[in-house]
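A.B. asks: Before we start, here is the structure in question, set down as structure tokens.
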């Protein structure tokens with residue numbers, strides 16, 4: 001489902017108890033009717049106006065060409081050594097030869113070396129930035145290299161870049177302008193590369209108004225609490241699944257809260273994205289909750305958290321505008337929110 005809206009930056013505050021105190025209707029399609037508590041009204045009234053910026057450090061499209069071929073493994077060689085000798089990437093070689101982690105190979109084994117253009121990953125490169133630099137979709141790079149969840153890029157490795165349909169004379173800016181983002185791209189390619197033996201950092205102590213540097217990768221929570229709450233009041237005006245028009249599908253639900261109502265985190269987690277870089281979604285917030293669970297909040301009129309910030313269930317993260325589009329995903333797959341949210345009433 002695609003949505004639209006505008007955004008502004010706000011401070012976050014806990015509001016679970018206040019929202020749960022509202023009178024809940026008997027059915028999901030009925031609105032919450034009780035007046036917003038004065039404390040929440042005061043929080044909303046004091047929101048700053050400056051929007052957060054989701055920054056991606058540009059990558060340089062300086063990949064090198066590697067000819068296709070076959071490599072016979074010699075004693076003492078690892079897959080990393082083979083990749084270094086051939087100029088190809090570990091992931092692409094593993095994918096081409098159906099080699100699973102920990103990438104064990106044996107002397108005498110014949111390895112197919114995929115030919116093509118390879119990008120050398122440097123610290124701070126993200127999948128989105130790399131795809132944007134070459135003017136192709138991040139999904140194609142994922143497929144060509146056999147990348148898997150959690151899609152952590154390693155500095156020093158090489159990524160096979162599928163041939164793009166763009167004209168060779170296009171500038172970096174023109175290729176970037178032709179690139180299209182979606183929620184899935186951000187979830188799989190939004191984090192910057194880390195060193196070979198390094199794990200993404202634990203969520204740092206960032207606060208509203210401070211944006212985490214684009215070169216710092218953030219680790220998602222290990223475990224999900226197992227319970228979601230409603231992110232806002234208002235009746236459900238659109239449900240999950242096929243719509244009335246042919247080919248129309250909603251990956252979430254649309255709520256119709258009173259404009260200006262707070263948006264709260266449906267569960268505790270770490271903010272993966274905040275911004276307006278996906279025009280069809282307007283002001284968008286993505287939160288990782290652990291165990292592959294993600295929630296998306298679109299059409300926000302104000303955005304009150306920053307990337308890398310830890311939030312609690314019920315914490316105010318934004319403010320509604322013309323409505324709220326809400327999604328729940330597990331390991332990238334959309335899940336009907338009404339099967340995960342508590343009954344109203």
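Cβ from N, Cα, C; glycine included.
Please treat TrEMBL annotations as automatic predictions, because they have not gone through curation.
Pulled the feature table from TrEMBL, pasting it below:
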type: DOMAIN; residues: 69-113; note: domain 'LysM'
type: DOMAIN; residues: 117-161; note: domain 'LysM'
type: SIGNAL; residues: 1-28; note: signal peptide
A.B. asks: For the domain 'LysM' (69-113), give me same-chain residues lying six or more residues beyond its boundaries with a C-beta closer than 8 angstroms to one of its C-beta atoms, as numbers and ranges.
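C.D. replies: Counting only partners 6 or more residues beyond its ends, the domain 'LysM' (69-113) has Cβ contacts under 8 Å with 144-147, 157-160.
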A.B. asks: Please spell out the DSSP helix, strand and coil residue counts for the domain 'LysM' (69-113).
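C.D. replies: Going by DSSP assignments, the domain 'LysM' (69-113) contains 15 helix, 8 strand, 22 coil.
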A.B. asks: Mean pLDDT for the domain 'LysM' (117-161), as a whole number?
C.D. replies: 94
A.B. asks: Tally the residues of the domain 'LysM' (117-161) by DSSP class, grouping H, G and I as helix, E and B as strand, and everything else as coil.
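C.D. replies: Helix, strand and coil residues of the domain 'LysM' (117-161) number 16 helix, 10 strand, 19 coil.
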